[in-house]
Ligand code: CTP
Ligand code: MG
């Protein structure tokens, strides 16, 4: 069994909807509720903890009041990493901890199963998909280099770790004042290999307004 930490304490600045995007409704259901329900209905998930902005905790707990695996909502921080660390410090010790963005409502049980098994086997595992586009390193609008696409993966969440590995990684990042853009980057700094599980292109993060069109299309596909 595993515990999931769901950061939902962001601003949603790039979505430009004037409020935290995790409260946006997709087909009548708020994004954060969809995300939490994916874990509520996953048989290996034991407990769900969220990070929220202090002024949104009441709204969020009301929205999730009937979801029994939600154990606590903890005040987040100014960066995603700080939000997750605040929660990590509060959760009871467990074997596996997953971290999953509140803004990724289309995570499948198939990927959750694979990640959970991979985390037990490898201690650190992340969901990702192969890059479809060619990716270039660009500085000042000039191409610096073109990495071989065969080696490039687009990294998603969930990212799954043993409790001890994630604790150690967050402590080291704090000691070094290191700020990463995902959880695995903190684990990588400890020297621990991170296993990659091929996920689905449907597992998008709702980041900019056009992602809402993709979200509607994914829902239509699922409803057949
Ligand atoms: N998040 C968080 N605490 C922060 C920043 C982000 O808990 N200080 C959460 C967001 O709520 C989101 C997830 O981390 O569910 C992924 O972050 P991102 O997609 O960047 O969301 P926002 O930071 O809200 O969006 P933006 O960067 O466009 O402002
Ligand atoms: Mg952000």
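The backbone N, Cα and C atoms fix where each Cβ goes, glycine too.
In TrEMBL, annotation is done automatically, which means it is predicted and not curated.
Taken straight from TrEMBL:
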type: SITE; residues: 14; note: site 'Transition state stabilizer'
type: SITE; residues: 21; note: site 'Transition state stabilizer'
type: SITE; residues: 149; note: site 'Positions MEP for the nucleophilic attack'
type: SITE; residues: 205; note: site 'Positions MEP for the nucleophilic attack'
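TrEMBL feature annotations superimposed on the structure.
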residue	record	DSSP class
14	site 'Transition state stabilizer'	helix
21	site 'Transition state stabilizer'	helix
149	site 'Positions MEP for the nucleophilic attack'	helix
205	site 'Positions MEP for the nucleophilic attack'	coil
Among 14, 149, 205, the recorded sites whose C-beta sits under 6 Å from ligand 1: 14, 205
Residue 14 (site 'Transition state stabilizer') to residue 205 (site 'Positions MEP for the nucleophilic attack') - Cα separation in whole Å: 12
Residue among the recorded sites 21, 205 whose Cβ has the most other Cβ atoms within 10 Å: 21
Rounded distance in angstrom between the Cα atoms of residue 205 (site 'Positions MEP for the nucleophilic attack') and residue 149 (site 'Positions MEP for the nucleophilic attack'): 22
Separation of alpha carbons, residue 149 (site 'Positions MEP for the nucleophilic attack') and residue 21 (site 'Transition state stabilizer') (Å): 32
Cβ packing number for residue 149 (site 'Positions MEP for the nucleophilic attack'), 10 Å threshold: 12
